[in-house]
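Comments concern the structure below.
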Amino acid sequence: MKGGGFYQNQYLVPNVYFGNSSPVIAPIGGNALNNNNNNNNNNNNNGNNNNGININISNFQHQQHQIHQQHFGGLSPNMNQNHIIQHISHHQHQQAQQIQIIQNNNQPQPQQHQIQHQQQQQQQIQQQIQQQQIQQQQIQQQQIQQQQQQQIQQQQQQSKMNFIRGHHQRNSSFDEFSLSDVSVGSFKDMGWEEIYFCYHHFTQMDEGKGYLKSFQQLIRYITGLYPDISPSPNSQFLFSLGLLYPNALPQVQSPNMILSLTLKQMIETYSYTKSMVYSGSGSGGGNSGSGGGNSGSGGSSGNGTSGSGGSNNGSTIIINNTNLNNINNNNNTNNNNTNNINIPSTPPILRSLANGASSTNINIRKFSPQQACHIIDVFNSVKDNKTGGVSTLKLSLFGADASLLPLTTLPFHEFVQYIGLNIIPFENLFKPPPPPSSQLQSSPPIESQHLFLSEIDELTNNNQNNQNNNQQQQQYQQQQHHQQQQQQYQQQPQPQPQPQHQPFIYFEDTSNNNSPLDGNFNNSFGLFNNNNVVNHSPLGNNILNNIQQFNNQNNNQNNNNNNNNNNNNNNNNNNNNNNNNNNNNNNNNNHNNNNHNNNNNNNNQNNIFNHNQNQNNHLINNHSPNQYNNQGNILKNSGSVVEPPSQQQQYFSDIEISFSELKISSKLGEGTFGVVYKGLWRGSSVAIKQIKINEDVNNQVLEEFRKELTILSRLRHPNIVLLMAACTAPPNLCFITEYLPGGSLYDALHSKKIKMNMQLYKKLAIQIAQGMNYLHLSGVIHRDIKSLNLLLDEHMNVKICDFGLSKLKSKSTEMTKSIGSPIWMSPELLMGEDYTEKVDVYAFGIILWELGTGELPYSGLDSVQLALAVTTKSLRPPIPNAWPYQLSHLIQACWHQDPLKRPSFTEILNLLNEIP
């Protein structure tokens, strides 16, 4: 057994590898010696032999010593015990140090701890980033949903916009009916003055380009249309423009933005703005700022853009009724007083009607904005580019009565005025094929008025001018007479019956809410007889025949001119040479009662001027056989007085149609007065009410019925159902109204059970009161107001139907002595006593109660019990205590037992506005 085995196992240096399998000897003393010896072994011995021998001997001895150490486990056998103990303790100390080093290596270092902390922070940051990404995705999804909702809302708004644009088509049918929709504004009909001012101001602003290119031009255009309103309704006009034409104005608006606004857009926007500017009356009647208050050419009120002569220009443009403009001033010679009128929300013309002005008999036609554009288009297609007007001879193409027109060139304001007076039938207007260079907006000056104004002092040849005009007119009348005789001769031996004048009663009406003024001024056709005119719509299919007929007429006129050896041409030349003097004379003598030069004796009793044995170059236009004072319609360079129409034509020629024109599609309902059908008339959806009558209906009753229909057909109000036509030939006795798809208020309250709130309650109540107020001011008593006779349109607007027709109702097969429904009937009606318009006020009180409760009053009582309780015991429905005091007080006042103590609808409107 080899020595040193224990020590070899106990004193090995751990974790040390030297490349061989022999154990490592623990270091002992003499290491320095051994190292020196090793170093010495590597040295080259260059000394003497003796030194080399000694070195070799010492090395040999050292090798022997190492051999002995290896045999005894690294301990020299010559070492004593102390050396061994020291060696062991030293080795243990080294081993303890190595263990400490190993433990220190196993503990985490501070740098590693920081790295781990940073890694944890990075993980947290990554988690936060992931959460943020998730939130962003959720936000993006929400944004996508919001965008989709906005697109849906925009589509809904676009559909509403499309409805507003087509709002003028009153009889259009709609597939959907919503009780929550609310309409915004509507188109309003325009008078000839408004059409002229829209056209005139546009031509002053467009710089000959046919469109407004800047925002400054647009603002000046709006200001010119409303000279008497301060400040101008710019916001309402721009709002209407945005509704009708969303892309007309840039989204980012600035004073320097570039526009391209056409005359058609301006006219339609002006018509739509009327419903907002004059919202107080709910009618949007005439606009004094656009013709009503400016009777000069381009505004003699001082605010017009082209008028500079004040009241001296009155002969160029004469407003239909000067007194309507000067409400508080009887002096017709000073139109500048219109600026002193404070313009409230109600138009001045409507205020004059409410004040009892005698203008209810004036028959002035009004036009939709589309019709106005058609008039302008026709004018631009037939006018002379040199003079800017239309020759009177050209007007024969449109069936105009040449005897009522001056033998001069008509500027635009006279052209449109003659159309407004129906001297030039609007239905016969058509646009001839234009030359390639003509456009609707490319319009030279519409009147050469400056020629007359520049030579106002040249009045030397007035007598000669009048003689020339008289000769020219006589020759023209002879030509017309000769032409009529020739046509009558050609029609023999079987003379054709005279064509009945059946004008377009309802052409492209643009408003679901018409003006109350339309009842007095609108759609009054057939004022003048024209035996040789066949009326056609400008959009019809008979234009070629119409052109051919008038071409034949022109050929006859040319032949007559040749037979007269050019005398007519000579007279025309004289007239043209002296035209300025004639107009100057008219301008100076416009308001001078003693200096008028007349062509014909004035036989009109209603002339506002006192003409006696003088000759007149003005046309005194009185449309109705009824006498009225202070009414005049004077045109420039005219030479005759318009004869009033016959009584028969005045009463029903405009409203009566043939039953064969109607196409009945379905039955809507049936009542005691008649059966209501849905049908078609001239391409529009209408409601046809066929009347139940007895056999004892004689001609006198039918005549009264026709007269009553004529009055009712002229009623125009946004809350009145439009009466469009009627058939007055038994047994097919019926009348035609506009069709409202919303049904009756009765069905909405008691069948559909709509949810009523105060906002909707006030809206319905105010609209009913507005319609009834208009009827009463027009002299019409309804006598049968009830929820069944209140119809609704698509946007929950109320329209009153089944009014008037008292003569025919009394002959109904199932009507009793008392006309109406017992629930809504007043005590005086139930008792068969005399009654006034206050019977409608009583019924309105019952309707207010019905609106608030959604129920019918007097449940459990039959008609006899109800009549006795209402007349003898003053029975009324109970009013809930939770209702506002103002509303309760109003209802009690409306159904008061004494008719004299019931308020008028004018007072009712004021009280309704006070309800919170």
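Each Cβ is built from the backbone N, Cα and C atoms, and glycine gets one as well.
Per Swiss-Prot, these features apply:
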type     : residues                                                                       : note
ACT_SITE : Asp784                                                                         : active site, proton acceptor
BINDING  : Leu668, Gly669, Glu670, Gly671, Thr672, Phe673, Gly674, Val675, Val676, Lys689 : ATP binding site
COMPBIAS : 461-493                                                                        : compositional bias 'Low complexity'
COMPBIAS : 550-622                                                                        : compositional bias 'Low complexity'
COMPBIAS : 623-646                                                                        : compositional bias 'Polar residues'
DOMAIN   : 662-916                                                                        : domain 'Protein kinase'
REGION   : 283-311                                                                        : region 'Disordered'
REGION   : 461-518                                                                        : region 'Disordered'
REGION   : 550-646                                                                        : region 'Disordered'
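Shown here: features listed in Swiss-Prot, placed on the structure.
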| residue | record | Cβ within 10 Å |
| --- | --- | --- |
| Leu668 | ATP binding site | 15 |
| Glu670 | ATP binding site | 12 |
| Gly674 | ATP binding site | 24 |
| Val676 | ATP binding site | 18 |
| Asp784 | active site, proton acceptor | 25 |
Cα distance (Å, whole number) from Asp784 (active site, proton acceptor) to Gly674 (ATP binding site):
14
Please report how many Å separate the Cα atom of Glu670 (ATP binding site) from that of the residue listed as 'active site, proton acceptor', as a whole number.
16
Alpha-carbon distance [Asp784 (active site, proton acceptor); Leu668 (ATP binding site)] in Å
19
Any idea what the Cα distance is from Asp784 (active site, proton acceptor) over to Val676 (ATP binding site), rounded to a whole Å?
17
